């Protein structure tokens, strides 16, 4: 069996593409990273565990993609430009085919975002994938959760709920035809982080967050940190193309609290509507206005006629969920 | 059961101590880190798995200490000053007492090194602890593995082998009296990373590495990356106080390839001997000269009389070991 050093070297080690920003990559006690002048580093960690965040028999190439995508999504939500990441990997065995596919999926997405794998760790253990990602953002321009203001519009990128629809299909909570399940499943397995949009919104948006645990829960973090409330039109939420074919009893909860969407939820002043739409068009990313930030605490849901909705919605929580 | 957000908030969240270097800590999509002008960031990740890196019933306070210590040791080996770290934690259950003790042990060591916990992730899963640590080092002054030169002295900080002696005692490979096992065990459970020494060696040492997998294996990385060889006097190695009482048949292999030492192995030109000793004295860390870097590839071992030794030594390897 190859040693851990061989494994790392064979599948993951490549020279950094920009020696000015990453003077030293994989292979020493530490990597060295040099952000450009006037830049801060945005840093985020995510840990993905088999059986909790992905199925035991997950396709390794898709899994490699998704593990990096969820981290890139955190950079997107800060308006940061990707720079590099570390990968720590616990594996039950050193399976060469699995590693090749996993590395392939991960590094293809890394290449698409000019993001170097700069270091990490490999060990034997129950499958666990931990990525820490680094991006650059100009000092003072990060899109923070605590920056929403009363009167701001609330915007959503792309569409919501298809990943949750796929999960319902896999779990047999609902019956989906095979083609629909496959299309929805791609939203679950191959999320596309909104990295370009996040950067384009710098100087335009106030607060931003990425929607990983469901809109209600994640918007809740903005409201709590900003000390504000919000009203959301549940029928204005852009349902994914597969979810859109289902009745509103399914559409509303899956769009509001489905999770695994990896879209951006952001707030911006009403005076910036044209700028938001122009920034989104420049990135080729659709955005939809779905509500408003209020001074009064709490989250209020209404239907398309403005009538209050009282939905029993629980945001996805790794410990509190059954 | 408290939610993951409650857990993180209760045990781990504290405001960053230096808002200039860490403008934004735990609680957003990313933390923000701003290295000072002229500084590069040194970054390292380590993942520790139950049953592989620590015993299932490990004391959580000692475990918290050790997980951060092994990462601080990587910064020490680069000559970097600690700045902050992220913690990703998979736990089989949300045990409040365990988390309090674990956080206590970890944050006490973090405080001792002015190192902020700036972010992370918590999820349910088999116990897995992944830390990514960040330090600052002046541009061009990092102690790299590829910088050893023929003729350099090879130095070791502190002592080697007591952690391996403790492991042998726990495994009943050898019989140790309870007091000796306890003292040796502290070297295994409570390593003290050589953070001050690493920084003091900037501009003096050429190459450096921390000894986590055993001197032979770790020095081997310096030799490989620097394109040089070395000769080590196995009897000059500073054995730990417990190991020192044992015969050389045990002392040599445990000092050469024991692992879990977290001492620094570094090289420096012979002309710098006084500077090395002065830097070490300033930090209160003993250092010992144990060999020499040669142009000829490979690692040669000799005894105190210069006679060649042929020891069958395998460096600790997480995948290749039985």
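Placed from the backbone N, Cα and C atoms, the Cβ positions cover glycine too.
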Listed alongside A:29, A:44 for Mg(2+) 4 in TrEMBL, from A:18, A:59, A:74, is A:74
The domain 'PurM-like N-terminal' (A:27-137) resolves under DSSP into 36 helix, 46 strand, 29 coil
The rounded CA-CA distance in Å from residue A:44 (Mg(2+) 4 binding site) to residue A:213 (Mg(2+) 5 binding site) is 16
Under a three-state DSSP reduction, the secondary structure at residue A:213 (Mg(2+) 5 binding site) is coil
Here the mean pLDDT of the domain 'PurM-like N-terminal' (A:27-137) is 91
Note: in the chain of residue A:46 (Mg(2+) 2 binding site), residues six or more apart in sequence with C-beta under 8 angstroms of its C-beta are A:67, A:70, A:71, A:74, A:130, A:131
Residue A:29 (Mg(2+) 4 binding site) and residue A:213 (Mg(2+) 5 binding site), compared by Cα position, are separated in whole Å by 35
Students should find that the binding-site residues A:29, A:44, A:46, A:74, A:213 with a Cβ under 8 Å from chain B are A:29, A:44, A:46, A:74
Students should find that the Cβ of residue A:74 (Mg(2+) 4 binding site) has, within 10 Å, a number of other Cβ atoms equal to 27
